[in-house]
Amino acid sequence: YRSGDVIYKIASNTLLSKLDAVYHSAICFCHQSPIYYPPLRSVCSRWLVLATYSSPNPLVIELDVSCPSSLGHLEFVVLESEPNLPFCFLDNDWFCSKVVVTTPEGDTVNFPCYHWISGNERLVFREATGHWSIYAEGLPQIMKVDSASDLPAEHRALGDILALLAPFSNELHHLSHVEVKHLFYRGRLVSLKLESHSTNMKQWKSLDELSHVFNRHKTDVYAYVEKNWKEDTFFGYQLLNGLNPMMIHRCSKLPENFPVTEDMVKASLFGKNLEAEIQKGNIFLVDYKRLHGVTANVIHGKQHFLAAPLCLLYMTPEDKLIPIAIQLKQEPGDDNPIFLPTDSEYDWLLAKIFVRNADFVEHELNFHLLRTHLLAEVFAVSTLRNLPMVHPLYKLLISHFRYTLQINTLARQTLISENGVITKNASVGGPGMMEFLKKAVASLTYSSLCIPEDIIARGLESIPNFFYKEDGLKLWDIKVIGHYYTCDSDVQKDSELQNWIKDIFFNGFLSFSSVTELVKFLTMLIFTVSVQHAAVSNGQFDFGGWMPNFPISLQQPLPTTKGQCTESTMLKTFPDINTTVNGMAVLYLLSTQSSDYVALGNGYQDHFSEKTPLELIHKNQDELKIYNFEIQGRNVSLPLSYTYLNPNNVENSVAL
């Protein structure tokens, strides 16, 4: 070593192909990619190893490498193997499980390899992929990456993005990444023929004008929503089978801050007693208390408004769920009336519109962004950091993280960044977004992510026509992992598994030590990133494309008295044309199925080769086909089909 050199300590876990083997190998590690551009600085070392062993335990090669100065953050390790004269006649294949580098600063950097290396072969391995980064205090941590283009190629999808940008191909060669992101969004405006309206800040003159502007790509569900959005029965239906079936729960006792009286709801209960109907289990509640005190956004220089409503619902003898009372603020008072179906048409309709806007917030930020996208990223990053490719959990899970890191990175850049579409156009944008998300994180529980427990906790086991529950419970299952973990000690002794869950626990919320707990957690994980994401994502354009049913923002104050609302009041309360168009384009974008879509239950075959796991995978796929036919058969008799959890419509990962 030269005076002043710093030392890198390297340990390589290795298996040789012969009991006696000689090989001459090289290691190079660098802080930039040696594939796409030359490394600015790197360190190389060659060594001759003569090994003789008679046990299956791996050989650990240890050596020190000197360098004039520290390389900083290490990104890659390059391994080479070549015959060493005069022993070139020997078989020098070797299996490297990992390379561990201790830097001069004392940090340990792991490079998982798990690969046979033959003579004259050169392989590049990335560091145990992914570093955690704090996006915002109080939120789950994210992968440390500046842009989607910085992600490893295997975590990026380019085909659909390039197709989307095709109308602007002449502009691409001189654009920055930020400008390309804006084109990505503009592509949806062009597809919907809405680009000319994206700068129009006027108010809507009528619902007919709104319908005329949005006349492309309407689905059957969209048309149904546009026709029925004012109906009380459809309002109730959406709380079970719409975009957000996660808020409603059975009411066992009226909240003290929601003083609904017998006389208020007598007409809605067809003369029946409110307390008696509560005891029978026919009364339900939706409480948007997390929105209480959240700062509403200022859009185009104008203050917008957020409600934190409570809504009481009744399941009629005909099994129709209908709203019977709405209070728009959490604290009762003279300026916070309880609106009823017996009020004037627009008093009642406007109250429901404020509830639907509150549901937009809960849906998009809590149940969609936080509980599927952000949790999926925690699961994905921990998997890439801690599990080698040969680990059964890696093989089970990796297909469920397809494109997740890319879509989350793009979402942070284009939707919820300082100038993102949601930040700029939603009532909960601006400072209110993080205020609300922190409340949502504080209310997140493990049991609420497990549909069997969540349904019981909300008292919804026997509620009729709850298709999200019926279909979701069918898809809550996993059979493959039991083949690898036969007893609790298998779980406890698997150090890689334990590191994986500790990483999730530190950046998420849980730990476990038994096979039962492991299977439950993996079931929740796969359900969350596939089934649950489909439930809250696939229908966004169907139910939200018609803005009055799912308004992104509202720009008139909450009504404080009754008898004042008219159609004009409603139209003035809706977001302006510009904001409406931006919101619709986002929902259309997030509902678009990718051209290389992978349905639930697929993607495993590329990673498993053992007989038993493959048999279990095929059995699971056969069950999914049966569920598919059962759901299709049920939907035939429904006025509005519930298709979002049809296995063919459930994407295997959070890919969009």
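Each position is counted from 1, following the chain as shown.
Note: Cβ is positioned from N, Cα and C throughout, glycine not excepted.
As given in TrEMBL:
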BINDING   Asp93  Ca(2+) binding site
DOMAIN    102-656  domain 'Lipoxygenase'
SITE      Trp116  site 'Essential for stabilizing binding to COTL1'
BINDING   His368, His373, His533  Fe cation binding site
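Positions of the features from TrEMBL, shown on the structure.
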{"residue": "His368", "record": "Fe cation binding site", "Cβ neighbours (10 Å)": "23"}
{"residue": "His373", "record": "Fe cation binding site", "Cβ neighbours (10 Å)": "22"}
{"residue": "His533", "record": "Fe cation binding site", "Cβ neighbours (10 Å)": "26"}
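Other residues of the chain with a Cβ within 8 Å of the Cβ centroid of His368, His373, His533, the Fe cation site, are Phe367, Leu369, Arg371, Thr372, Ala376, Gln532, Val536, Ser537, Val654. A mean pLDDT of 87 is what the model gives for the domain 'Lipoxygenase' (102-656).
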